[in-house]
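J.: My questions will all concern the structure given below.
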Amino acid sequence: MQLLQAKSLVQLKEVEENAKALPKELDNNVSIPAKVRAGDIVHDDNSAPKKPGCENDFVLVKVQTWVDGIEDEEFVGVGARFGTTIVSKEKNANQTRLTLSDPRDCCSSPKKKFVRDVIMVDRGNCKFTAKANFAEAAGASAVLIINNQKELYKMVCDADETDLDIHIPAVMLPQDAGATLEKMLSNGSSVSVQLYSPRRPVVDIAEVFLWLMAVGTILCASYWSAWSARETAIEQDKLLKDASDEIPNSKSLGGGSNVVDINMISAVLFVVVASCFLILLYKLMSFWFIELLVVLFCIGGVEGLQTCLVALLSRWFKRVGESFIKVPIFGAVSYLTLAVSPFCIAFAVVWAVKRNVSFAWIGQDILGIALIITVLQIVRIPNLKVGTVLLSCAFMYDIFWVFVSKKLFHESVMIVVARGDRSGEDGIPMLLKIPRLFDPWGGYSIIGFGDILLPGLLVAFSLRYDWLANKSLRAGYFLWAMLAYGLGLLITYIALNLMDGHGQPALLYIVPFTLGTFLALGKKRGDLKILWTRGEPERFCFINRSQFDPITRKKCGFLEKKGGPSGFSASSTAEEVTQGINGSGLTAIISGASSDIGTETTGILASRGGVHVIMAVCNMDSGRQVKEAIIKEIPDAKIDVMELDSSSMSSVRKFASEYNLSALPLNILMIMAPPFMESEDKIELQFATNHLGNFLLTNLLLDNMKKKLLVRVRKKEGLSLLHQRVTGILAYGQSKLANTLHAKELARRLKLDWTVVMSYCTVLKYSTGSSNIMLCCVASKGEGSEW
């Protein structure tokens, strides 16, 4: 999880690559590093009071030089609070001769007059405003004040200065720039300068590309994860079809073994561990520490790039990707991986060696994107509760280290670490960056890995849920989560521009948009409880085999629409299954026939050619009412009502005894499942009914059934052996799986006594599509009616 701990922020207002420090107070003036970023100078500063004649915004100033008419070096200075403003466009700036002041400090009137020259003076011995007044009085058009240190200072006015009336601009340059200019003048060369302060564009195309890069990375990672899960499910489906009666083990099923679910503890610990790592970066920030981070980044980048390339190329070179060779230490490695690895390693090494060249950002972004996508394949959140805790912690972490840390460390720890201040390097490598193409100050727009990874976990979770719930793009959560992330990142850029260059924590805006959208939609659609706890939709396990879900990593049956040996499936209705049968002379017992699916089945069978239906019910009054209602619709229906409580062993024995004495045949036995409750024997009702009662009833009626053509039992093929939290539907499904074993064993024993030519299983479904029951018929050879 180191990548999540190496969290940085979107820092938009950069100019030069090797900044030393943020502004700090010194004497009565505010210092700025000699090599500065545009973001280090804001348009206003509350620590520098304004007054009439001293109310300019602080701006960076470009000082372009010409030596003997040939364009030479360019320096960067800072404009003063006083004096006239500096033009913003280069074409409007005049090229003016540069002259040394005499005296050098310009604390008294110069010995000669200047004809609109720019004079260069040394700092010291008097106020900045005094130097500007003497220079203006001598006819200078501007004054360049050379600092006595390698830093710049914001030049302000003293508190006792009033009614200032200075009409020339004043610019401070660092000590080394002054030394270079003095050397040019001392050689007897003609030196001229041009002063201008270009404005940054409101939107640079780099920000657009960075936005697309971040959104595209999450989009790609989410779909790749879901697509891989679907491919794995298809392969496992083939495996289970080939060995439907065997218990699939985790090794044979594979898939999902490399997935790491974040739990509540790790989500909370994130903010602690991430903070410790950030402090470590802040305190140990140096050239050698950045080199160590580069090595770690290259290792992760190689792994990520290799994973992405192998997954992509395996679509075209499948056989090579599936052929393995044993490599010492690494174990079994595919030939495709061996072929790709040297390229990935070489790519990372070349980037590390050449990372200071102008185009090195391309290599860094490629390695970074590959690493982020790979991490999003491995790490995931299991439900919305964990996602909420994780993103809430990240939200507070971002705000604290960008804003609150200024109070404790006198500078924003997050910004210092993100830019690599005091390291002599171009910041930490754990970020994506694009050069600001149309910004006159140059620099990069950057976004940290954490601003993509953390929201990306939630977005990927939304897509997994949508696929499990079979939701369309519009009716699901992924589309809206993706749009919310994009909008949150866009708001971050807007805030950066509105805040005059102050670095902004991206998660301050992204988390409320993404998480808030998810929670609001979940509550509105009624899915919030499932999203919060389970993280996956409720699924009914009605299938003739067990299947391992690679997305949820749980065994569960899926409702299949593919027809089985009978030609029917879970989508078949009771009318379809019984269409065209001749039920004359057949007798069927239906337990639980007074409600829900039992009532539906009774009506369907009674309408099919005169099947004599015995309604086995707990409540005789309810049973008689159902009988009357069915006979009213089907006057010729043959229906009788008998009392049976399948959860009571004494009631089962009594019912079986009475039925056997009635001399009625038995062709079909259908047993329904009850809801979760306790029986009169204080036994869990599903266990008492679906197992004990059903098994006993079948055993007591078996001799009667053996005399007839059709044996009607409850059947589902497959096994479910996971130990997990029991819910109503889960308990129901597991009890039906136990019925499967009973039905299969019964069919096996019957096969020993008679020649059985057909044993098939299908599903009866309400015409409304709301319920399903399993139907299994065993037909003996050559006699009787056929279904």
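Backbone N, Cα and C define each Cβ position, glycine as well.
Whatever TrEMBL says is automated annotation, not expert-curated.
Look at TrEMBL and you will find 113-181 tagged as domain 'PA'. Annotated transmembrane segment per TrEMBL: 208-226, 260-282, 288-317, 329-353, 359-379, 386-404, 441-463, 475-496, 502-521, in sequence order.
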J.: Is the transmembrane segment (288-317) close to the transmembrane segment (386-404), in the sense of at least 3 CB pairs under 8 angstroms with a sequence gap of 6 or more?
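T.: Contact between the transmembrane segment (288-317) and the transmembrane segment (386-404): absent, because fewer than 3 Cβ pairs are under 8 Å.
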J.: Count up the helix, strand and coil residues in the domain 'PA' (113-181) according to DSSP, in that order.
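T.: Tallying H, G and I as helix, E and B as strand, the rest coil: 17 helix, 18 strand, 34 coil.
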J.: Taking only the residues in the domain 'PA' (113-181), give me the average pLDDT of this model.
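T.: A mean pLDDT of 88 is what the model gives the domain 'PA' (113-181).
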